[in-house]
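Presented below is the structure to which this report refers.
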Amino acid sequence: MTKPTILTGDRPTGKLHIGHYVGSLQNRVKMQNEDKYNMFVFLADQQALTDHAKEPELIRQSVGDVALDYLAAGLDPEKSTIFIQSQIPELAELSMYYMNLVSLARLERNPTVKTEIAQKAFGESIPAGFLVYPVSQAADITAFKATHVPVGNDQKPMIEQTREIVRSFNNAYHTDVLVEPEGIYPENEAAGRLPGLDGNAKMSKSLGNGIFLADDMDTLKKKVMSMYTDPDHIKVEDPGKIEGNMVFHYLDVFGKAEDAEQISEMKAQYQAGGLGDVKTKRFLLDVLDRELSPIRERRIEFAQNMDYVYDMLKAGSLKAQAVASQTLDEVKSAMGINYFK
């Protein structure tokens with residue numbers, strides 16, 4: 001029986017933070033180790049350039065950083081094909097063919113794209129590459145005939161757009177070459193979109209409100225001790241709110257089964273009064289360090305041998321290119337533009 005194929009990846013615009021870890025990376029490692037899937041994991045550097053075209057040095061540095069984060073978190077190049085998007089030219093060619101099947105109006109209606117355009121404040125200067133990046137995503141997914149794509153709930157419109165492109169292509173060219181993917185969405189809503197340390201809905205490097213997998217213990221401690229809690233909880237004896245309190249939100253996400261009873265007791269005590277923010281933050285620091293210290297240590301080890309990291313990326317890219325090339329041949333054959341045998 002053929003294994004389902006998983007495609008997943010990240011835009012390399014900086015080091016990965018713990019929101020990436022609980023939102024997707026942790027689950028990728030789990031699926032990889034189950035040995036039930038063909039796993040493709042990629043660094044979407046071309047997509048990153050759609051809104052960082054004048055910062056190629058940032059993208060180049062980030063490719064290495066994200067690759068380190070992948071390896072440190074447990075992705076294994078023996079079990080997952082890890083590759084760089086720009087090193088697979090077949091993806092750009094597939095994108096060109098798919099763009100002919102999607103209207104500009106449909107791209108502009110994509111809710112995810114509309115939200116991101118507003119967030120980035122492009123105004124009237126929206127890069128064309130950014131507007132059409134859902135088509136590029138469709139090329140990424142279909143090139144490897146991915147059956148399943150793990151994404152956040154905010155990416156559902158992207159999966160649906162890919163499915164539309166697949167149906168449009170297969171209908172137009174009377175073929176079944178392309179596979180309609182299914183999205184895999186987070187089961188844990190709290191982990192699916194981890195807020196920033198300051199309570200902002202989004203954790204990001206630009207907002208300075210994230211904990212990164214590469215952060216050392218001193219940095220982690222400073223960030224945890226500065227976290228947003230209940231602004232009205234001034235004295236230890238004051239009753240406090242746990243809703244919107246980032247310390248308790250993070251404890252819900254990162255706490256293990258063995259922590260559940262203590263977390264429950266802390267919530268009750270905090271709400272009744274008698275538990276200070278410093279104590280809750282120290283407990284969270286221990287919980288986070290338990291999770292992150294092995295990742296941090298592995299990352300330091302891999303960073304000492306970047307030749308290995310780039311050799312791994314090169315090997316993965318060559319392996320991925322062979323698969324994408326086969327799909328492109330099938331696509332061109334279906335379209336009738338395979339002129340030379």
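Glycine residues also receive a Cβ, built from the backbone N, Cα and C atoms like all the rest.
Less than 8 angstroms from the CB of K205 (ATP binding site) sit T13, G14, K15, H17, F212, each of them six or more residues away in the same chain. Here Swiss-Prot flags R11, P12, T13, G19, H20, G152, N153, D154, L194, K202, M203, S204, K205, S206 as ATP binding site.
Regional average pLDDT for the motif ''HIGH' region' (12-20) in the model is 95. Annotation source Swiss-Prot lists motif ''HIGH' region' at 12-20, citing sequence analysis.
Around the Cβ of D140 (L-tryptophan binding site), the number of neighbouring Cβ atoms within 10 Å comes to 27. Residues annotated as L-tryptophan binding site in Swiss-Prot, with sequence analysis given as evidence: D140.
Remark: secondary structure over the motif ''KMSKS' region' (202-206) totals 0 helix, 0 strand, 5 coil, with classes taken from DSSP. According to Swiss-Prot, the feature motif ''KMSKS' region' maps to 202-206.
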Within the motif ''HIGH' region' (12-20), residues counted as helix, strand or coil by DSSP: 3 helix, 1 strand, 5 coil
Neighbour tally for L194 (ATP binding site), based on other Cβ positions within 10 Å of its Cβ: 24
Distance, D140 (L-tryptophan binding site) to H20 (ATP binding site) (CA atoms, angstrom): 20
Maximum Cα-Cα separation in Å among residues R11, P12, T13, G19, H20, G152, N153, D154, L194, K202, M203, S204, K205, S206, which the record lists as binding ATP: 22
Rounded to the nearest Å - Cα separation of L194 (ATP binding site) and D140 (L-tryptophan binding site): 26
Rounded to the nearest Å - Cα separation of D140 (L-tryptophan binding site) and R11 (ATP binding site): 13
